[in-house]
Structure formats: C-alpha cells, structure tokens
Ligand SMILES: O=P(O)(O)OC[C@H]1O[C@H](OP(=O)(O)OP(=O)(O)O)[C@H](O)[C@@H]1O
Ligand SMILES: O=c1cc[nH]c(=O)[nH]1
Ligand SMILES: [Mg+2]
C-alpha cells in the first residue's frame with residue numbers, strides 16, 4: 001500500500017488557513033496555492049536519488065552530491081492543478097509538464113476527460129500528479145489510469161486537501177502510488193465537496209462560478 005504523507009510544517013498550516021478562508025480573493029488565493037506547492041515540493045522530492053560528482057571550490061577539490069539524472073514530470077489535473085505548477089517548477093525547473101483535462105460531472109460525480117497531453121517519454125519519468133482537491137478520488141484515479149495506460153509506472157499524487165474517502169479510493173485503485181497532502185479533512189458533504197475544505201478550487205483560482 002502506498003504511503004500517505006501529511007505535511008506538518010507550520011508554514012504550510014499557516015498558509016492553508018488563508019487558502020481556506022472564504023474572504024481570501026483570487027489573487028491572494030493563487031499566490032498562496034503556489035507557495036504551498038513549492039513548500040510541498042521539498043517533501044515530495046525527499047527520496048530522489050543522489051550521485052556524487054567531483055567539483056572544485058575556490059579553495060579545494062571536493063566530492064559533492066547532485067540529483068542523479070532522474071527525469072521528472074509534473075502532471076496537473078486541469079483546471080485547478082494548474083495553480084500548483086509554478087510553485088513546483090520554481091524548485092524543479094527541468095521537469096516536463098503534462099496536462100490532463102478532467103472535470104467532475106456535478107450530477108454523476110464521475111470524471112469527464114477533455115484533454116490529455118503528456119511528455120512522450122512518460123514511461124521513463126518519475127511523475128507527480130497535481131490537484132489541490134482529492135474529494136471522492138474519482139478524478140485522481142482516472143488521471144493515474146491515463147498515465148499507467150501510457151506506460152508510466154512511477155507516480156506520486158500531491159494534493160492540498162484530501163477527504164478520507166478520496167485517499168481510500170486512490171489507495172484501493174493504485175496501491176503503488178504515494179499520496180502527499182497538506183491536510184486530511186473530516187468528510188464529504190452531500191455534493192461531494194470536502195468539509196471544511198476550501199470550496200471549489202478551480203473557481204477560486206480563476207474567479208469563475
Ligand atoms: O476527487 P473528485 O471527487 O474527483 O473531485 C476532485 C476534483 O474536482 C475538482 O475539479 P473540478 O471538477 O471542479 O474541475 P476544475 O478543476 O476545472 O474546476 C478538483 O480540482 C479535482 O480535480
Ligand atoms: O471540495 C471540493 C471537491 C471537489 N472539487 C473542489 O474543488 N472542491
Ligand atoms: Mg472546479
């Protein structure tokens with residue numbers, strides 16, 4: 001079973017409070033989502049393999065470590081996942097970005113695909129799927145299915161807020177995928193919104209209703 005890593009850093013908790021607040025407008029919301037994604041990138045990359053190279057400082061030759069040629073891919077689930085891309089790229093500038101367009105049908109709650117553009121060598125990359133919200137888990141599960149159908153086999157999922165139901169659904173469908181979240185909330189409401197959550201992440205990022 002994949003692990004679930006819940007961030008416990010004070011900076012993440014602090015910023016998440018203002019992300020949740022309904023009085024936070026789109027500009028600040030976008031900035032905060034970007035910043036939390038950047039802070040989470042630090043944790044989600046913790047296990048990247050290192051290799052030692054020789055360099056010369058102004059004082060002496062020495063051996064020092066770099067990330068060992070691992071190819072990364074970040075995969076935002078449109079739309080709301082887009083809000084996390086810039087923060088990730090700030091720390092992982094060489095990562096390729098693939099996009100999966102999905103929306104959740106408000107009646108059936110089933111994910112509907114409308115776009116998919118991935119790096120050609122997706123099967124060779126370590127992939128991090130981005131979506132602020134993991135509610136029923138239907139969208140994340142479908143996105144990971146797309147990636148696996150195209151040969152990907154090294155996938156992590158990174159979300160801001162998860163419902164217990166969503167974590168359970170992804171773990172059941174994809175037991176090989178580790179899940180990184182800033183918070184696990186209480187439950188889903190009758191419309192499958194996360195409680196207390198932050199509302200509709202896409203609408204708050206982009207100012208739509
Ligand atoms: O876990 P689930 O029950 O599938 O719900 C989560 C999905 O719902 C939201 O997207 P939405 O459908 O609102 O699309 P949007 O990003 O375009 O707003 C969110 O960004 C996730 O992708
Ligand atoms: O709470 C939720 C659930 C799904 N999608 C969102 O944006 N928010
Ligand atoms: Mg939305």
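Keep in mind that glycine also has a Cβ here, set from the backbone N, Cα and C atoms.
On its own chain, residue 200 (uracil binding site) has 193 as residues at least 6 apart in sequence with a Cβ closer than 8 Å to its own Cβ. Annotation comment: TrEMBL describes 79, 104, 131, 132, 133, 134, 135, 136, 137, 138, 139, 200 as 5-phospho-alpha-D-ribose 1-diphosphate binding site.
The uracil binding site annotation in TrEMBL covers 194, 199, 200, 201.
For 6-208, the entry in TrEMBL reads domain 'Phosphoribosyltransferase'.
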Discussion item. So among 194, 199, 201, all listed as binding-site residues, which is physically nearest to residue 131 (5-phospho-alpha-D-ribose 1-diphosphate binding site)? Use the C-alpha atoms.
Written reply: 201
Worksheet item: Measuring Cα to Cα, how many angstrom lie between residue 139 (5-phospho-alpha-D-ribose 1-diphosphate binding site) and residue 201 (uracil binding site)?
Response: 14
Worksheet item: Could you tell me the C-alpha distance between residue 79 (5-phospho-alpha-D-ribose 1-diphosphate binding site) and residue 194 (uracil binding site) in angstrom, no decimals?
Response: 17
Worksheet item: Where ligand 3 binds, which of the binding-site residues 131, 137, 139, 194, 199, 200 are close by, with Cβ under 6 Å?
Response: 200
